[in-house]
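Database features, via Swiss-Prot:
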DOMAIN    568-719  domain 'STAS'
CARBOHYD  205  N-linked glycosylation site
CARBOHYD  357  N-linked glycosylation site
MOD_RES   12  phosphoserine
REGION    1-44  region 'Disordered'
TRANSMEM  112-132  transmembrane segment
TRANSMEM  137-157  transmembrane segment
TRANSMEM  227-247  transmembrane segment
TRANSMEM  255-275  transmembrane segment
TRANSMEM  378-398  transmembrane segment
TRANSMEM  420-440  transmembrane segment
TRANSMEM  455-475  transmembrane segment
TRANSMEM  524-544  transmembrane segment
């Protein structure tokens, strides 16, 4: 507890002697009660005063008629001319602005190199992440291909890489598994829409006059979720509600990604061991999965285990070398592609699937499947799941685009980014794709290899197109354990966030707690619940910060007019009889009692002083033989009008962002309590919003507007001048009247 809390004016009627409340004999019994300051004697025209008041004239506010405002907005929006149409089209398709101005000599080499490298990295990652989403490998390649082209058309960031993303694939996979489980166990063999065959559950689609097996139904679910996520993102862009992302702080997003990374690692562990286990969903899926793994550990496929260990021994050190020598290497070593090629050749020629029952990727078709609309009947089942997926997708995309734009000195439009990522989901959902977003790891690679514009995304899509048309079938023998290793190794960045915790703790303990809560809930409960818990806990922390604000008494620096906290800085002095109080938070219904109790504790409690005066006066009445007429309480207060050393309380409102009704009532109550014992209350450095609230709340009358000041120095000077005008001086801590 600071020394400020031990104020000599914190009075109590029980622990202070009666003599402390004695009144000087010359004090008239009929002293006039009321406001402690006669404001009429301090009119601005009074030339006798040394004090000079600052006056600032407000701009006239325009008429805020809602109907007229809406009509003006509509007229402005509905105006149509050639220039406006052109600007709207160019804003919606940013590529039309920058592509005609493209500097071929300056940018083409960097764009081609970065696009080629990112495309090479995306091939194995797209195949691996498709398994995470419960899809066939070809759908991961489709997703990255279409996302690259569409972001090229709609995006405003020059550097981010948009494509398949592990966290979103995990969330898609959980929805896919849940819907498959709902469709297959509860089979009605008499139904015309679902039938059970010996090889599993098959869904009949009458509109296509054909059968839809597990793989077909899984991509229907995935594409429907993707479509809904894109619709939400475009809607948020249209209604300009990008502010939602501000509730996803850096600490929350980092904790969520790290927690989800544990879930991803857990889901891929079975591939590393070659175990065939059902996927666990719902609350506690991580714990349930590990229980299943340890129960079946004796069924480990030795071939898959050895392959996984060899891949880890190659990938992990190479990733570290790429990171260590990134400033010296012209491009990162494409270790993942090398491992995929080597593992595929070893599996093919070693016949690992036939000889050791090693699980492989299987047939990957070439070319493109015919476009197909999402399954509209699934929308009610997945609409809620798509909300969390859409928010995470656009939050990561917008934050990365703004981060790299700031780094390279250009601007991005957040709402256009939401349109871009939304269309990266809506359009590909008709081409058997799953949800996409920007990814930090690939964006860093793209930037470090010389990317200048989004033309590099076209180069990336050409690499993926080559794989889709020619190379994809060659991955038939690729072991799934290799894909699992690639997925786990790419979690390295998220898992290494633990190294940043000591620094985060030193910077902000609250952010560290938010990180831990979000991470643990995402890992131990589920990704959706973890995100919800993180957002709710962050909001609670914001409220907690306003409910427990920083408070301090201010002192004056000797050689300036700067007021700062006495408990923080040395060599500050307080003006005699004046207390300057600072409250660093908005004043509203949640913290009104905190404000009041802190103010009374730091300065003087007027309620206790008034009670002590009454108590002392009643005892004094019993001893006096004088006959008083009138109300006993009135007489008590007249008798006990004890002069105090403190005559003014100045409240520094510079850190009070806003007031609500409860806050205004609290200020009125505080002022009334202090003026009842002869102490004036002044407000200084109120922002225009606070001044407007005080005026609307009738905090002071028209003639009392002098109680509001633009600076602390002005308020303190006014307080000193008012005491001089009253003819009151302070001697040995007692105020003596000059009357």
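The backbone N, Cα and C atoms fix where each Cβ goes, and this holds for glycine too.
Counted over residue pairs 6 or more apart, the CB atoms of the transmembrane segment (112-132) and the transmembrane segment (455-475) come under 8 Å in at least three pairs, which marks the two as touching. DSSP gives residue 357 (N-linked glycosylation site) a coil state; it is part of no helix or strand. Counting C-beta pairs under 8 angstroms (sequence separation of 6 or more), the transmembrane segment (378-398) fails to reach the transmembrane segment (455-475), with fewer than 3 such pairs.
Cβ neighbour count for residue 357 (N-linked glycosylation site) (all protein chains, 10 Å cutoff from its Cβ): 12.
Tertiary neighbourhood of the transmembrane segment (255-275): same-chain residues 131-132, 166-167, 170-171, 173, 285-286, 289-290, 293, 296-297, 299-305, 308, 358-359, 392, 480-481, 483-485, 487-488, 491, 494-495, 497-498, 514-523, 526-527, 530-531, 534, selected by CB-CB distance under 8 Å and a gap of 6+ residues from either end.
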